[in-house]
């Protein structure tokens, strides 16, 4: 096949002209005419010759000249021509081709592709003339074209488009088509190629291959719906259930019995209390449903005139069974509404507004009234009845009395009349005050005379009449109180004014106003009470104990001879002799092991947290501020325990500090320091360097010896020449007397003792002291501060002020507080000491162990008094010999305790003469005054054990005094069964103790006999051993035999 291609001349205008025709001669072959074709060319001002090239196989090409150039050349000369346009404008000249030569066809296709690629390469290389790639032409507002640079975003989008275009596959127009023939039943080449180039969908966009099951929609025709409706109506009628038909309108249906037949009743508007022109709104669907309903409402028996009456409203009947004159009906059924002039009206038809008021509706008003009455009566009647209710009063009389009560409480002409309700709201007409009082009197007399069995109704009316008559008419005093208290905002005058306004209202006062009046009266009473207390001497309400904000002046710390060049205190020889304190009563802190083990300061019945852990300071300010927060304890108000009085006046130096308003000053967090003695309780504290005993050693007082810090602070004011003697006196004499956790009174006495020998310590400043009223502890704060906050602050600042606690006539609870606690409290706990049952068990353990009991009595000399709870314990205490042992001991040690034990011994002898437990308890109760008098002479410390014993004896005395009066009057006292149970329990405990004593005794005897037998056999001849062994066995049998 021969192909001739050409390119038409390129012009600036598009024209159409007939293709050139001519003759083409190939070698010696005869010339052949060219096929005439119509060619569309682009006209241009430049005329170029056309060349036609024809080649067959390997023969030389034949060039045919014409008036146009080649297509490639024309394309290169005109860069603005699009590839697609040049391709569309190319013309092909066909000549006669031999169809069997496939090689010629391949050359023809290759030339076409070569020309196409040349044109495409030229188009990609060309660029716009005069405008850069990153510029564009815009038109200004004045109509002038302007070249401006493209924005970075536009360039970015352009480059993206070019990248996408370059990535698209090149699809040639003359590409060979793939075969669609399938070989061997497999996929064809075109299908395989399409699958390879097909874009894969994302997984979430891949269509599901699951075959969905399409359910058939159940449809029912009108006949089926009617059949279903009839079946449902039958079922509901049988069960007397309610039906609600919901279409365009809602219809509610229930079933009632009339004339011994069950009818369907529709809820119409007038049954809900609404009077409308159309009593029931329905459409075609609703009317069709009502027609179906009418076939199952009632039966086919005709209903004669007069039968339809009140209570038939909304009932559905068929038109054929009504013989009375009736209105039209929108369907075959008839819904009864009411009657007017003997004519029945259907509820579905519309009547005039006038007629809607004239119609006598057939609603059962009385039935509705009793229905509402029964519902509310049953719902709101009280359940706190102590009897079973039955019908004992006449029902007619009950209804009459209920009507009279209704008229008395709610005077009206008709209970459904809204005008009567308005009169009652406005208190006018028949509901006015005088009218109601007159009516109440009449109705009360009627009930008294005609219904004598209803006395409760008369009482209710009497109370009601009294409430209406309770009017306050004392306007003169009301006006005077108003003139005195009005405008005065001081003290209780506003409460007086409000109370006066409430009292003048009389019977119209509400319960809430009565409650407010009581509150106002309470404020007035409080004002009078406070005013009376303020007048009294030594009242807590007037107690104010503000701390001085000025620091106490200590001359010792201001003397230049006592300070170094940095202003620090010089201990001198005092520092050397202070070793006696640090070596005996302080322990060394090892910072390498951390401060956690020292953070909690254990005291009896509680603990206090030190701030020693805050010595590690973080560099983060936020964390540092968090560290400056303390841990508050339970707050305690100002009570009698916070103050000290002398002849009725407050001793402020021996009291807790308060604010100006009288509230207690609560301690704040005390931050720690190293190697310092902190003194000063008022103003800013003073920090004194500790003596250099060992370099970089940190000391903390041992548990129970925190009061040593007081003596260390006193050492600052002691002369250096007296320091050795001072420290020896404290160590050898005072600390031995005080021991662990002494009372504040004992510490103050020790300070007075030191003041006698060393007067300079009188003005020595004390460390900070905090008061814990809950555990009755005085905390002496050292340089490690206190993380626990919320304690009261003791105002005592100097040794001289602390000595004031030693005054014998000082009334103070603080002087009995422990600077820690007692050993007895520490060992057993205050909760056990306060429990009489625990104390008597402790006494039972010592009944057969007199030495242990003697040790317990050293801490608590009143322990034997708990034997008064049980006659059996007293007898065992006497019979065991422990009482006699203690008497012999205390005759030499404390005669007052010996007298108390003698009284107990005489009581035990009296108890032993009686056989019954009740008689023995009466003997114990009669001896209580004598025991209390003997106890009062015992001089014991005012600690928890003493206070617990005082409460115990007071309890016994208060229980016994009423019994004495009854016995003196000749009455028999019936004891509770619990006394015998308690006695049996205590006797069991005594028996166990006795069994343990017997077992120990038996073991001791046996060991003694075995040792005697061994000793005899070692010293005597063999022939005498057997005889002696038999004697030992007989003695052992006699001694160890069980009874």
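Numbering starts at 1 and runs along the chain as it is shown here.
Cβ atoms here come from the backbone N, Cα and C positions, even for glycine.
Residues 414-417 are the range that Swiss-Prot records as motif 'Involved in interaction with stylet and aphid transmission', among 406-409, 410-413, 414-417. Secondary structure at residue 779 (active site, for helper component proteinase activity), as computed by DSSP, is strand. DSSP assigns residue 706 (active site, for helper component proteinase activity) to coil, not to a helix or a strand. Helix, strand and coil residue tallies for the domain 'Peptidase C6' (698-820), in that order: 57 helix, 25 strand, 41 coil [DSSP]. Across the residues of the domain 'Peptidase C6' (698-820), the predicted structure has a mean pLDDT of 88. Across the fold, the C-alpha of residue 313 (active site, for P1 proteinase activity) and the C-alpha of residue 270 (active site, for P1 proteinase activity) stand 9 Å from each other. Closest in space to residue 279 (active site, for P1 proteinase activity), of the active-site residues given as 270, 706, 779, is 270, taking the CA atom of each residue. Cα-Cα distance from residue 706 (active site, for helper component proteinase activity) to residue 779 (active site, for helper component proteinase activity): 8 Å (rounded to the nearest whole number).
Break the motif 'Involved in interaction with stylet and aphid transmission' (414-417) down by DSSP state and the numbers are 0 helix, 0 strand, 4 coil.
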